[in-house]
Amino acid sequence: MDFNMKKLASDAGIFFTRAVQFTEEKFGQAEKTELDAHFENLLARADSTKNWTEKILRQTEVLLQPNPSARVEEFLYEKLDRKVPSRVTNGELLAQYMAEAASELGPTTPYGKTLIKVAEAEKRLGAAERDFIHTASINFLTPLRNFLEGDWKTISKERRLLQNRRLDLDACKARLKKAKAAEAKATLWNDEVDKSEQELRVAQTEFDRQAEVTRLLLEGISSTHVNHLRCLHEFVESQTTYYAQCYRHMLDLQKQLGSSQGTLFPGTFVGTTEPASPPLSSTSPTTTAATMPVEPSVAGLAPPGEAALCLEEVAPPASGTRKARVLYDYEAADSSELALLADELITVYSLPGMDPDWLIGERGNKKGKVPVTYLELLS
């Protein structure tokens, strides 16, 4: 009991001494041991790494899960060390509503058939989003959290110890200075000077040892940057794969809807007036499929069973023509098609009964079929 009381009293005395030293430093009434410039740079880089890691982590969480309530729920599950329940993505929920609407409004009607097609595409988009969120969470978010909850806590603990050792060291320096000042006035303070010098040597040794431990941890931030760089590459790769899948699914849906539109409204222009998404530049097998627009699977001017129109006899319709900008190079498959060069302008028009995936293109005195997915129709 006496030992514990003495230890508590000793700890309280040390805490009081540190508090006095810290307060006097703030008011400029005590000297402070300064760390070298390299050490200060290490501290600044560590603080910057921690701050930016927190910001990147939080914003990535918002990107992957925009719903704040869902983020709080996932955080609680993680803290309780329980598996986060599977959650339906917004795309999958939209697909479910569209499928139910088609079932109730009539799955055989044009509107119902289109709802079903869009629902299937939204379901595939939702599944792709789910895979992206899962991959990004494991390969990117988890390493960032591990740094903040592991390495950074260790660094912070050692920095606090270093701060305490520095306060102890400076307090010893102050006591020794006072003892020497008193010694100059009376010879009775010799013992006090010796004691202060011994305490200073001990405090200096402990400070140097703690400074070295803290320095090694701070220099380890370089390894943290290397690890985060690798994780960042994996995050970009997973995001590229996700957007490539979305691009491919939407091209398939556009093709299906274009065919349906041509059946319902023959003779109208098919496709969007906005430029198609640019090809993705990834060398991975997943993204290669989406790097070029999908060529129409059916090439021809007339539906099956009908005679093909003769290009020499084709004339622009009374409804007029439109200009189109070519998005990608296209090599004609036969004499009925018109070869295209990226960025050139051509005149296009559609004819009744024509495959909705194709238009008639004219450039000078040349004429031929051109695929809609290679064009940006201009107003």
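All positions are counted from 1 along the displayed chain.
Note: Cβ is positioned from N, Cα and C throughout, glycine not excepted.
TrEMBL labels come from automatic prediction, so no person has curated them.
TrEMBL lists coiled coil at one of the ranges 11-38, 179-206, 235-262, namely 179-206.
Mean per-residue pLDDT, taken over the coiled coil (179-206), amounts to 79.
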